[in-house]
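Feature annotations, courtesy of TrEMBL:
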{"type": "DOMAIN", "residues": "8-97", "note": "domain 'Aspartate carbamoyltransferase regulatory subunit N-terminal'"}
{"type": "DOMAIN", "residues": "102-147", "note": "domain 'Aspartate carbamoyltransferase regulatory subunit C-terminal'"}
{"type": "BINDING", "residues": "Cys108, Cys113, Cys136, Cys139", "note": "Zn(2+) binding site"}
Amino acid sequence: MNKKERLVAAIENGTVIDHIPADKTYQVMNLLELQSLNTPVTIGNNFVSKKVGKKGIIKVSNKFFSDEEISRLSVVAPKIVLNIIKDYEVVEKKTVETPDELRGIVKCNNPKCITNNEPMETVFHFVDKENGLLKCHYCDKEQDINKVELC
Ligand SMILES: [Zn+2]
């Protein structure tokens, strides 16, 4: 096995998260709460990718993410592909679906919004998925998904 193959070596069962833009790899970890898992997690970053420039790959053994968990990634990296691995084989590839609603994932950029002044979860609805336009449930302020801050 050469050095590159070893870095991306297969796992027996679990999820390989691929095509993460390199600068988003750590945000993906946070959104999936990988720090709190007890299973082996391998992170590789700055691999060359035709799709996204430099990319990150995260391999998580013995873990399969729910659609709700996967949809959180739409805020940072909608092009991500999750390879579901069973017995060292890719049995399914999942892409990120943009959800209708985001709860507790992004901050409202309106400083007067109640969510910035009370300890509560933010709620956003997509008003335009194509263009990544979100609207705050509480103050109606619209925001561009490319400019939002994560909670
Ligand atoms: Zn708001």
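Every residue, even glycine, has its Cβ placed from backbone N, Cα and C.
No curator has checked TrEMBL annotations; they are predicted automatically.
Just so it is clear, the model here is predicted, and its values are computed rather than measured.
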Can you name every residue in this chain, apart from Cys108, Cys113, Cys136, Cys139, with its Cβ inside 8 Å of the center of the Cβ atoms of the recorded Zn(2+) site? Asn109, Asn110, Lys112, Ile114, Thr115, Asn116, Thr122, His137, Tyr138, Asp140, Lys141
Looking at the binding-site residues Cys108, Cys113, Cys136, Cys139, which one has the fewest other Cβ atoms within 10 Å of its own Cβ? Cys139
Confidence summary (mean pLDDT) of the domain 'Aspartate carbamoyltransferase regulatory subunit C-terminal' (102-147): 94
List the helix, strand and coil residue totals of the domain 'Aspartate carbamoyltransferase regulatory subunit N-terminal' (8-97) as derived from DSSP. 22 helix, 39 strand, 29 coil
Take the domain 'Aspartate carbamoyltransferase regulatory subunit C-terminal' (102-147) and count its residues per DSSP category (helix H/G/I, strand E/B, coil), listing them in that order. 3 helix, 16 strand, 27 coil
